[in-house]
């Protein structure tokens, strides 16, 4: 990309004006999107206006439409809800209201509108756009605007961002606010679990979501619920008997509690509502269990946005500004959405149409079609949930393969969830599943035992590694490992862990030349806070670590804001991989994030200090700088702290914080629980097929490259890649992949921190069509 093209982004908005509004129900992460729209808009040279109180503010005008400044969006990232206010507006539904709204925009020269809201808000925006020409004609005839004003504002560009906790909008894998709502729900479920266990109770939890079962479904996966009721898939006619049998079976197997999740719009096959109270009465009457109902209500909309929602809001906000400024009269109104980890632009009305089709299909009781229209991600969640929850473990081991599961590397949140789903899917398939304690060391020493269904009960929400994990690699113990593979008749190996799990896999591949016993299929599930395993864009555990860092940064920023003129330097984990520092920097609103992948010099440090000196002259008198632990062996945290302290004398003082091992701990986030559960299920399904494929002359013999893989999330799909193929893509000295997708987000971090850089800011999301996306491979 040429310097001229880089520079073009900085002048793209000159002479243009953008208005941003939040409409409909609030959602955590909306503020991150508003902040990004304002700052990137200003960066491109445009004027940006807040529209307070949603469409109502657009109709009423006056003080509701105010110009935004860089500082006016400071300290917004960590706040829930929407700072600029939202309202459900009747006036805008009438043409008269839209006429007043058009008048208010034209008078201010605003021709670009960014709407953050649900499907209703976005449909309203599209109607407004299609009527724009007629509205201007009417205003001109009435003498409210001049011909020149009408000419200047001849067309209106509209871009939508989907902000809704329900995740009910077709065309995007995740809407802004969904992940945070799941955080609130899971916090409550975890808290309820302890009291339910104490009293051997059954809890019926009602979650929000209107006519969409996404929150209920993912909650069930993330907490291992006994049953879930969602509107898209009503239960069979005899569901009362099935439910009661399921609950009593769980108790018979030794469980002290039952959790039932109900979506607020849950219905039966005849379209009749299934309420929490109905279910409670049923359980009490038929089983006599002590049963309680908890309706979660508006708690789900509140609280601090999760790291995921802050990053999603920021990325979508940046892309929205670019889509608006690149728009022409012929460009359709679009929605910026997420597919896998890719930002994409989709025609707004195509998405709205599919969303309406879901409602129509459900009203007409075409539930299978409604499920399909929700998309691949929803379908996958449902398939995995059904597998794990609605099957009785077989009494006999019909498949009778023996698969061992182990953890390797450093402990990380979500490992236990992956072990649980691997073990249970294995048992459902009729296999014998063994668990190995303490990684490859335990495999060599024979620390191996058989796992039954109840062995992994309640593991989903527990942090760390219950099996125990070591960084030891297998090479030195091939003799003992081979002996134990024979002794325990291990025919497949599921390795859950970080970079050591991957290098261990490579060593097993090498060892096959000498030891026939090692010729068994194995699969590596990446699980590490560092997110540095080649072959996967995400690792289990990284999201939990990111949220821990974020929470700490919020508290530190609060302290700095109270003290005034203070800069905090925070050291994050990650080895040589800068993922945590970069993403936490984006989520916490850091001024800089130093990482190994982007070499920096003393001049860069000087620029950062000068930038902070300038910042202290504004109303925002605090600074936050993140440093990855191994970003530079000479520019250490102490060095940077000393440099900042010296250079900032009299202007600001500095403090440093090394976060350390708290980043590995804690209860896994909903995203990590869900991701780990799906990865475990996918890995075990692959394993059964691979063992069958490798079965020759009464024994397993697998020596092809594709019998040893890493299961990874790549853009929009879960893929199995042979470890030998990934070798070329790995920087072994620094334990990182040679190419990392998140590096393209670094410019956004710098622009949002007000650096005058000539860098390409957009992710260049192309306009796709929803039909093409549906047939794509979005699997998570």
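Cβ coordinates are placed from backbone N, Cα and C, and glycine is handled just like the others.
Together with 88, 89, 118, 119, 120, 121, the ATP site in Swiss-Prot holds one more listed residue from 25, 29, 177, which is 25. Per Swiss-Prot, substrate is bound by 164, 165, 166, 201, 208, 209, 210, 292, 298, 299, 300, 301; the candidate from 240, 241, 264, 326 named for the same site is 264. Residue 164 (substrate binding site) sits 6 Å from residue 118 (ATP binding site), taking the Cα positions as reference. Among the record's ATP binders, 25, 88, 89, 118, 119, 120, 121, no two C-alpha atoms are more than 14 Å apart, and one pair sits at exactly that spread. Rounded to a whole number, the distance between the Cα atoms of residue 118 (ATP binding site) and residue 667 (phosphoserine) is 31 Å. Non-local neighbourhood of residue 299 (substrate binding site): 184, 188, each in the same chain, at least six residues away, with C-beta under 8 Å from its C-beta. The substrate site in the record is lined by 164, 165, 166, 201, 208, 209, 210, 264, 292, 298, 299, 300, 301, and its two most distant CA atoms lie 33 Å apart. On the backbone, the CA of residue 25 (ATP binding site) and the CA of residue 301 (substrate binding site) stand 9 Å apart. Listed in chain order, the extra residues whose Cβ falls within 8 Å of the Cβ center of the ATP site residues 25, 88, 89, 118, 119, 120, 121 are 23, 24, 117, 124.
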